[in-house]
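Note sheet for the following structure.
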């Protein structure tokens, strides 16, 4: 039998009596955990008298001597015991009788000894049987409280009649109190756990399932412990010191819970419905009168006590406290040691009070998850979260042993399947064998038919690969064609006589793309591979081929739309863009893996999705460019916003755009994204109507300019340069039209720098020369408005020089003639006034430009040519009339230029309304013709010119003039008044309404 008073190797101590009465610590500095005579209490829990101190000192001396010769560890009582604590019992004691009045029990030997208690093996003379007798070592050296605790243990144990609780036969309550128990032979449960894990380690590595199976003998003992505790709980008794060393495993399989010295009575469960008329003695509450322990008293074994027990909350200790101790025992069964093994008592108490128990998986990684859940449930820090009773805990462990599901663990389908196979091993084995047989048969069948299908399979794979290669080659050919078409057709427009050839090339390209678009490049009249083979490689090849074919069809229709738009066939362009859009929408609906979103296309492995998104943006750009003045739909507007955000997220940051040499090469996809971003901003800025203001964003537009310049520096293809030139020119015109001449000058300067840089690498590019000359011309106009006359003259001269260089590389061409004439005209007008005035050179330049305009008008009459023609005649007329050394011939030439200019302006009115400046020029011409000697000789000849003057003055009353225009209009009216006074034509003009007024209050501009 296990001596309840003997010390054990649990790395904890038991508490309940003053520290002065403890047995002390063992050689490992761990306190003992026996009760009464060998227990250890919380310091300050009780006060001791001087007499008790003397007795405690004597007991310490006595125990110190024993400890010196025998290390403190767990003792086991019985014939098979080998513990060192029994070494003192090996010395035969003289036979003596215990309880003299009865003289019934004859002591044979001592089997266990504690601080104030001893257990002896004795013979019951009356019944002739061996029993275990527990008594005081020295009845005269025992306090009354110790005596009452001793009797309390005997009474509690005697009232619990259960196979799992050691029975008490008799008790003597005199001064030398004793009680007689059944003699048990066996080992403690703690020893069984240690032996099991020692064997487990020596057996080598095991799986989680094998480890769980190996625990079944220990778990069966644990279920017996739970049953015994459940019985005690039904009798209203809680143990308060459950641990493996307080459980005895006999040689015949009995599991007995010992050491009920700290047992405490509790109220019966108020929910227990018992029929009082049928209640038997076995189910009545045990008559346990617990010793009074106030709150703050800590009793039990620290490593196995519950948090409320460690905190000294005596009033809260109930059945759940024992369930926590059972959970720690279960932890010890799985891990082979308690959770706080090897730690000092104070540190253990701190952890237990805070409910900070180490995770079981750290101590034993192989613990089965259902068993881990049971331990966690039993060891919950909250009393309400633990099992309701010991029966539920035992049932869950029993179900785990049987392979059933436990209540505290939710299994997945894999766990359920494994558990089903364990329960139905014969069925599972049969199914496995049948499945194996079918698998072998299928393999054999597959081997036989494999040869028959091998040739066909290889042919299909080769055909699929050939189809894919053909589409890839088509894609490369289309890309090359795009590059050739853009560069060649774009360059031919700068060479005279090449316009028909350029138009023919575009028409042929349209025919070729149309033939490709009408072919179903994704179809080869082949059976879908997934209907014949379920092979991953073949299916993936087919999927990729279809995706590439679809992408090429979309690109073909988009290129057709671009070609039709270039040739001004907007109806056909809209039709092709609509066809491409339908294909894109079909991709989104029919193919889940082709869905293009911001999240999916950001992945590096989703190149097809990125290409598809780029082509979708190209389709959107085509729709915007072919849109008339009607407003765009809300869906289209949202697509523009989404596309702009998608492109911005994938472009380099502004700092990277400035650092053009940050990388050695530019990925093709990044170049496509940058080009699409620039084209999108150009398209939105070209919109007219109500949609223009809502979609155009200035910050995005300016960033697109940076992107275009960055793209030319990083990649530098002809299309990149053309795109950069287009958006920069568009921006310069925007700034000029808004009157921001200073910003426009800076923008034209930036474009000129880029064009000159390109010309330095390719000096014979006529298109670059033409663009540079045009930019110089426009910057000169801006400088004229800024009154930087000298700089403007330099720009006009540089423009003329650049155009002359371009002209020397080719024959006469309208494009060059228009720009050259315009540059000469602007420079000539600038030289007629200001500090740079040079009438002779100005006249020469104006006459040269006039000859060019006359030649161009003979070929084709346009509003722009008429305007330039009229302005040139006007400039020559002003130059001739205002000359200080005017001669009769020069005056006649000036009047002829004035008449020609006035006639040209009249014709221009049939094409489009005159601007304010042009109206003022017409008024000046009318005044000039009315004031000449040839026209004033006859009052009748001057009247039409004066009437025209007032007609134009009347039209100005409906316009808003800026300061310069208002000042010029006032000057002309003053000149007319002076003219009328000088020529005495008051009667002639008396009938003319002189009340016409001009709005001179507004300072706006046209």
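Glycine too: its Cβ is placed from the backbone N, Cα and C atoms.
A quick note: this is a predicted structure, and the numbers were derived from the prediction, not measured.
Positions annotated as ATP binding site by TrEMBL: 134.
Annotation comment: TrEMBL describes 955-982 as coiled coil.
Residues or ranges marked as compositional bias 'Polar residues' by TrEMBL: 25-34 (among others).
The compositional bias 'Basic residues' annotation in TrEMBL covers 52-64.
Taken from TrEMBL, the feature compositional bias 'Polar residues' applies to 78-88 (among others).
Annotated compositional bias 'Basic and acidic residues' per TrEMBL: 93-103, in sequence order.
Under the heading domain 'Protein kinase', TrEMBL lists 105-401.
Per TrEMBL, the feature region 'Disordered' maps to 1-103.
If you look at the transmembrane segment (427-449), the same-chain residues 6 or more away from its ends with a CB under 8 A from one of its CBs are 420-421. Under the heading transmembrane segment, TrEMBL lists 427-449.
The number of other CB atoms found within 10 A of the CB of residue 134 (ATP binding site), across every protein chain shown, is 25.
Regional average pLDDT for the domain 'Protein kinase' (105-401) in the model is 85. In the three-state DSSP assignment, the secondary structure recorded for residue 134 (ATP binding site) is strand.
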